[in-house]
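Annotation comment: Swiss-Prot describes 1-13, 83-86, 146-149, 202-219, 273-282, 326-346, 415-458 as topological domain 'Cytoplasmic'. Taken from Swiss-Prot, the feature transmembrane segment covers 14-34, 62-82, 87-107, 125-145, 150-170, 179-201, 220-240, 252-272, 283-303, 305-325, 347-367, 394-414. Summarising the annotation, Swiss-Prot assigns topological domain 'Extracellular' to 35-61, 108-124, 171-178, 241-251, 368-393. What Swiss-Prot lists as N-linked glycosylation site is Asn49, and the listing cites sequence analysis. The region 'Interaction with ANK3' annotation in Swiss-Prot covers 416-424 and rests on similarity to another entry. Annotation source Swiss-Prot lists motif 'Basolateral sorting signal' at 429-432. Feature annotation from Swiss-Prot assigns region 'Disordered' to 439-458. Among the features that Swiss-Prot reports, compositional bias 'Basic and acidic residues' is placed at 444-458.
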Amino acid sequence: MAGSPSRAAGRRLQLPLLCLFLQGATAVLFAVFVRYNHKTDAALWHRGNYSNADNEFYFRYPSFQDVHAMVFVGFGFLMVFLQRYGFSSVGFTFLLAAFALQWSTLVQGFLHSFHSGHIHVGVESMINADFCAGAVLISFGAVLGKTGPAQLLLMALLEVVLFGINEFVLLHLLGVRDAGGSMTIHTFGAYFGLVLSRVLYRPQLEKSKHRQGSVYHSDLFAMIGTIFLWIFWPSFNSALTALGAGQHRTALNTYYSLAASTLGTFALSALVGEDGRLDMVHIQNAALAGGVVVGTSSEMMLTPFGALAAGFLAGTVSTLGYKFFTPILESKFKVQDTCGVHNLHGMPGVLGALLGVLVAGLATHEAYGDGLESVFPLIAEGQRSATSQAMLQLFGLFVTLMFASVGGGLGGLLLKLPFLDSPPDSQCYEDQVHWQVPGEHEDEAQRPLRVEEADTQA
């Protein structure tokens, strides 16, 4: 029986036990394998007779701060638009990112920085871990309100591994360039989440339809997330690019692309809106598509005009997606995309990957000069042509879509295990299922919810 004492006890213990197990296992693995790198270790750094001003901390940490704020504040508040799910949006973002950054340090460390029997970490490890956490949070947006915290932690456990493998294949085996993660972060996270949502499809989700909308103050809080993301996105795309002209160019291209996507979003929102009025959903999300679409190409010689054109296109495509494609996605394809990650991350991510194919194919020694080595080292060394680089960029997109689709399917099957607690159809998008909500009174909509109600569950 759904409401039996044994099930209630299991639900009470599920999250604490899983958190303790995952943190304990991670701590043991850190103790065995993780060590400071030579720029962090006291003895190794001073043995090299370096100046403290040469430490990468001073070059990379400002970007890390911005990326960190995007992950924990930007993503968290962007998802508080649901009128009864603000605690869960911010709280589960906090939980997922805190676990994902630890687990990804291990996974990425084994793949990228494992030597002499240890993983060596520094500030770049922190940035890479936050990038991985960002992909997990993108996937979270697709299933927001329909999953429990234990399910989300297991999703992160699987997704981080697949993210790390996909990133390793693209960046190290194929030599793909993807500085801002149009493919490795946005496309992967979006389609992993969308396939996951398809596997977890709820035919009776209409029972919670009254909670799916926003109210005035929840949309206002969500705009805080939008502004944080918009301001810091140039740092996100440029955080790990080559110091100097490459990093400068990446930030500049992202800056202009975001500005153009914002104007494109306002224009299309008014054009397709009822009586020419703006839709806050479009402004909160599609205005950010400019940061996604130049993720791959922002370190390349995209040109300021190219950045503006790409951003404007991404903003318009994303807005049209929210207006027309999201309803089709649910009615025809049975994908219930809560946050519209397909419109903000999926389509702009694919467009960004294709833009990277185009710009890589146009790369020449004349255009880049000595800077070709930092952007396309294999072309500079004569190991491949610009056309070959472009073809591998395109192949990298297909590899990412494959990893995301297979991973999302496996994740959906994992999250459907019967012993995992998830909210019934009539209690989705409701904080009271998982949180003590202060100030609640006796009206029917806000009474303590009964988990024993018989509904279809994910």
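Even glycines carry a Cβ here, placed using N, Cα and C.
Contact check: the transmembrane segment (125-145) against the transmembrane segment (252-272) gives fewer than three Cβ pairs closer than 8 Å, residues 6 or more apart, which falls short of the contact criterion. Counting residues 6+ beyond its ends, the topological domain 'Extracellular' (368-393) has Cβ neighbours under 8 Å at 174-177, 242, 244-246, 296, 299-301, 353, 356-358, 360-362 in the same chain. By the Cβ criterion (under 8 Å, sequence separation of 6 or more), the transmembrane segment (252-272) is in contact with the transmembrane segment (305-325), since 3+ such pairs are found.
Sequence-distant neighbours of the transmembrane segment (62-82) (same chain, 6+ residues past either end, Cβ-Cβ under 8 Å): 89-90, 93-94, 97, 123, 126-127, 130-131, 133-134, 137-138, 140-141, 144-145, 211-214, 218-219, 221-222, 224-226, 228-229, 232-233, 235-236, 238-240, 281, 284-285, 338-339, 429.
Sequence-distant contacts of the transmembrane segment (305-325) (same chain, at least 6 residues past either end, Cβ-Cβ under 8 Å): 252-265, 267-269, 272, 279, 281-282, 285-287, 289-290, 292-294, 297-298, 340, 342-344, 347-348, 351-352, 355, 359. Contact count against the transmembrane segment (87-107) (Cβ pairs under 8 Å) is highest for 150-170, out of 14-34, 150-170, 179-201, 283-303, 347-367. Under 8 Å from some Cβ of the transmembrane segment (283-303) lie the Cβ atoms of residues 78, 81, 177-183, 185-186, 219, 222-223, 225-226, 229-230, 233-234, 236-238, 241-242, 246-247, 249-250, 253-254, 257-262, 264-266, 268-269, 310-315, 317-319, 321-322, 339-340, 343-345, 348-349, 351-353, 355-356, 358-360, 363, 367-368, 375, 393, all in the same chain and six or more residues away from its ends. Only sequence-distant pairs (6 or more apart) were considered; of these, at least three Cβ pairs between the transmembrane segment (150-170) and the transmembrane segment (394-414) are under 8 A, so the stretches are in contact. Contact check: the transmembrane segment (179-201) against the transmembrane segment (14-34) gives fewer than three Cβ pairs closer than 8 Å, residues 6 or more apart, which falls short of the contact criterion. When DSSP labels each residue, the topological domain 'Extracellular' (171-178) comes out as 3 helix, 0 strand, 5 coil, counted as helix, strand and coil in that order. The average pLDDT for the region 'Interaction with ANK3' (416-424) in the predicted structure is 92. Tertiary neighbourhood of the topological domain 'Cytoplasmic' (326-346): same-chain residues 78-79, 82, 138-139, 141-146, 186-187, 189-191, 193-194, 197-198, 201-202, 205, 212, 281, 285-286, 288-289, 292, 318-319, 429, selected by CB-CB distance under 8 Å and a gap of 6+ residues from either end. The list of residues near the topological domain 'Extracellular' (241-251) in space but at least 6 beyond its ends in sequence, with Cβ under 8 angstroms from a Cβ of it, reads 59, 179-180, 234-235, 298-299, 301, 371, 374-375.
Across the topological domain 'Cytoplasmic' (326-346), DSSP assigns 14 helix, 0 strand, 7 coil.
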